[in-house]
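Shown next, in structure tokens, is the structure this report addresses.
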Amino acid sequence: MFFNYFKTALRSLMRHKLFSSINILGLAMGLAAFILIILFVRNEFSWDSHWDRAEDIYRLENTYVRVGQPDRPTPNAVEPLKQVFFDTFQEVEAIARYIDGGVTLRHDGELFSQQVHFAEPGYLDFFGVDVLKGGFDAASVKLSDLAISERTAEKYFGDAPVLGQKLTLRIGGEFRDFYVSAIIADPEVHSVVQHDFVVPFNREYFAGARWFSEDWRFAYWQTYARFAPGTDMALIRAELPAIVDRFLPKNQQGQENGRNWSMTLGLVNIGDVHLYGNGTNAKPDVLYGFTGVAFLILLIAVVNFLNLSMARTAHRAREVAVRKVLGASRRQVVQQFLGESILLAFGALLLALTMVEIALPYYNEFLSSIIEMNLLGEPAMLGALVLLGVGVGVSAGSFQATYFAMLKPHDVLYSNTASDNGTSKLRQGLVVAQFSISVALMIIAFFVHKQTEFARQLDLGFTADNLIVLSGTNNERSNEIKQRLLESPFIEAVGRSSDVPTEGSEDRLHIRPVTGGDPVMLDGLPTGPDFFKVYEIPLLAGRYLTDAGADVLRDRVEDAEYASAANIVVNEMGAKLLGFETPDAAIGQQVSADLSSSLRVDATIVGVVEDFHFDSARDVIRPGIYYIDFIRNSDMSVRIDGNNRDAAIAAIEQAWHATYPDSILRYRTMDEMVERQYQTDDQLSNILAAFTLLAVLISCMGLYGLASFTAERRTKEIGIRKVLGARLADIVGLMLWQFSKPILIANLIAWPVAFYFLNDWLNGFAYRVELGVLPFLVMGAGALLIGWLTVAGHALAVARSNPINALKHD
Amino acid sequence: MLKLHNLSKVYRTDEVETVALNSVNVEIASGEFVAIMGPSGCGKSTLLNIIGMLDSPSSGDYIFMEENVAGYNEAKLSNIRKQNIGFIFQSFNLIDELTVEENIELALLYHNIPASERRERVAHVMDKVGIAHRAKHMPSQLSGGQQQRVAVARAVVGDQAMILADEPTGNLDSAHGQEVMEMLQQLNEEGTTIVMVTHSPAHADYARRTINLFDGHVVTENLRAAE
């Protein structure tokens, strides 16, 4: 019996090759897209699930809070918290801590940059990292021991023996020798703990560093705590504020401009750190959006499958009627068609998996990700896919099966035409659903792209090209390297600042406006004198700051103090906020600025500059105040000659080595930093566009298949119309109109949905494109046009046919 | 074999009520060859459908082999039908995707008959209707007469006691029509009850009794004199 079903099904498929391939291919494409998106999303959500007892491991994160200032989240925890945790929570089984830092490494006379974990004893045990060779036992490890991953060993030593070999690290200003005592397993790609290079923590290394305070002022420990199985984390979290209350010393002064501050503690499961931890770039919302798109595409594909299957029922009604007359029971009919549908779905699934396999390398390149599909190694995934296949098969087949089960044989057997089987309303409804999704996706993709382009072309207020940002120059040789750099003909200007554009400012200064009233808040940015020149930020009134006299708020000297009065520069918005009608009006005026609760400075405005972006384009430009503080000049921005870029970079390398012979030059380029701000949105835009295209394509395949069936079914009607005098254009118009209706209705559904979604999304941007009506209309018309092109072939073929043939069809 | 007592069939739509059969009383004995005649729309096909259990009466009794099946549900009817009744249609109704052999075999697939026996019976019945040389052909490769012979074979392969034929010669030329009629006659002589709807008086002559329907009533019943 089964063989008979199989045979009939297969021959029926072969007889309608075009239809069958559209049906299977459409579903396969939808499934492939679904699998690809889900693989990516799942991959993002599955970081760090490989650790032993990952569900019990939490990262402790500190966020500094200060009234009137933005929160400062850190991925780290302060020194005292480890002991506090052990004392407070019996549930804490173990805590592993390390300081994550970049150092210069010397090997065979060559310098390398190496990311290092300065780890407390027990680090490897805590994470369960496999020691492949040698040993790194907490009990016997020496301070000069090193544990490095296999790939790191290969990088420095190739195939040569590694254990006992020397590597020299520059820590705290001096070179120290270390010896490899253990080779450990490579870290997983999708892990936040990249244990490539583990050095035993030694307090001595950091003793001189300003941030290395053992109190609560600086959080620098990556701190992971493992709780006893079954610990109620809600109870633990509820205790966290009390811990701060009890243990954070009262009225402790913060950094240089310390107001009263406090801190909040967070515990993030290690599996969530990648997406939700402090300092992450990941956007879980986007992932949820993608998941939504994945399901929509799957829906379109399933609807397609359903729709085409139903269209086909007309062709198979006779077969079913005969089977019924011959004694087939309802159950047998249901079995036959469900089985057939499931079989077809599995065929599509196999095809989809092949597509995914082929597409993965390109997909990975597109997303700059490393996604793999290893079905045999993942029974859960395999099971889910099988379930998906069965589900799609059952959902598509059940319509057909139910319809056939209810079919009255004599209705079919006594009519000679393939009847419309009563599902045409439903089919139209499904086409509407498909095109609603497609049109909505088209509109959304269009505006997402438009917004991305808009943000990219936004005037930043400064010139981002040909800017190189160096770090590691905030020291006594800062002026020396600046001089060396300026000697090169390829370097146009060098400026210093505490932060650079795209990074945002963390300082908020409170200043009372000249007009009186409550103090207003301005973003403060400690700079050097050449900052505006380097970033080419135009002056509106007054002058830029210099490096001498009253322009300097704090000089780089031993035990530096802030001056009680200094000249400052504000931006245009700042001047307005302070109550000045025009930039010129602000020049020479004095305001008192609170650098901190205890530090008030008499500031004289000597210059007003144009507004410029300091944060991402998602944020508004804020009022800003700029002053010279030579101690807080972490970043050095170098404007180079764009026509001689290589020479300029060589000159920077040269100046660096002459100034800092023992360390590696690390630099970023401003255009890349700006670009990176748009990267996620860009990626979103591209993925959305690609999958929208796919969705539209699948919808059209469905429409094409349907059109071919409708054309066939309506041949008689059209023959009669032609005999009665209808012209070619009338017939084509008739056919086109039949398919225009569902698309037009789909537009009416898609527009408000797309509008609602887009409005919400665009509200996240400070500078956004407007949602004009025209793109909606154009997309709607586009969908209609695509629909027409899809069915035009059939419409023409039917319209051109000889009416006699059509009528003899009976 | 069967007995229809005061049997009526009314089709209702929202506004119109059509009486297809009105208090029909018909009795057909085992081994009879009955022709049903009448103008278009007189209820011939409805009557045949009800006899064939493809449709249910609105009122009245239908006694089939001592059993009143009038109120039976589809599953029960289907079961009685497949045991006892074979069908032949004007438009043949062969499945396009199956070969001649497979089309005939289909009638046995729903009877739980082992494959070897199925093959034997199909081969036998193909011989009987003279279509064995076309066993592997698809319906579309056969002439109308050949297709109807396959349909006849399919109707009898399950040893059905009764065959219902709805204008079996309607789509055939006269030579092929006669061929099919002779085949039915032969089956009848072997003991199969045959009920046939036809427009052709000549083909009705093959039957021993003719029932004339008009507007849902049985008008006359003519018994053909034994030759």
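Cβ coordinates are placed from backbone N, Cα and C, and glycine is handled just like the others.
Computed from a predicted structure; not experimentally measured.
The domain 'MacB-like periplasmic core' feature in TrEMBL is assigned to A:20-242 (among others).
The annotation transmembrane segment is assigned in TrEMBL to A:21-41 (among others).
Outside the transmembrane segment (A:286-308) by six or more residues, the chain places 19, 22-23, 26-27, 29-31, 33-34, 37-38, 40-41, 44-45, 275, 344-345, 348, 392, 395-396, 399, 427, 430-431, 433-434, 437-438, 441, 680, 684, 687-688, 691, 694-695, 698-699, 701-702, 705-706 with a CB less than 8 A from a CB of the stretch. As annotated by TrEMBL, transmembrane segment applies to A:286-308 (among others).
Annotation source TrEMBL lists domain 'ABC3 transporter permease C-terminal' at A:293-397 (among others). Using DSSP to sort the residues of the domain 'ABC3 transporter permease C-terminal' (A:293-397) gives these counts of helix, strand and coil: 90 helix, 0 strand, 15 coil.
Per TrEMBL, transmembrane segment is recorded for A:337-360 (among others). Through the fold, the transmembrane segment (A:337-360) approaches residues 2, 5-6, 9, 13, 23-25, 27-32, 35-36, 39, 305, 309, 371-373, 375, 385, 388-390, 392-394, 396-398, 400-401, 404 of its own chain, all at least 6 residues removed from its boundaries and within a Cβ separation under 8 Å.
Feature annotation from TrEMBL assigns transmembrane segment to A:380-407 (among others).
Under the heading transmembrane segment, TrEMBL lists A:428-448 (among others).
Under the heading domain 'MacB-like periplasmic core', TrEMBL lists A:437-654 (among others).
The feature transmembrane segment is assigned by TrEMBL to A:687-707 (among others). Beyond the transmembrane segment (A:687-707), the same-chain residues lying 6 or more positions past its ends with a Cβ under 8 Å from any Cβ of the stretch are 18-19, 22-23, 25-26, 29-30, 33, 37, 290, 293, 296-297, 300-301, 303-304, 307-308, 311, 366-367, 427, 431, 434-435, 437-438, 441-442, 444-445, 448-449, 735, 739, 783, 786-787, 790-791, 793-795.
Across the domain 'ABC3 transporter permease C-terminal' (A:690-803), DSSP assigns 97 helix, 0 strand, 17 coil. Sequence annotations record features per position, and here TrEMBL assigns domain 'ABC3 transporter permease C-terminal' to A:690-803 (among others).
According to TrEMBL, the transmembrane segment annotation covers A:728-753 (among others).
What TrEMBL records for A:773-799 (among others) is transmembrane segment.
Same-chain residues lying 6 or more positions outside the transmembrane segment (A:773-799) and placing a CB less than 8 Å from one of its CB atoms are 435, 438-439, 442-443, 446-447, 450, 696, 700, 703-704, 707-708, 710-711, 714-715, 718, 728, 731-732, 735-736, 739-740, 743-744, 746-747, 750-751, 754-755.
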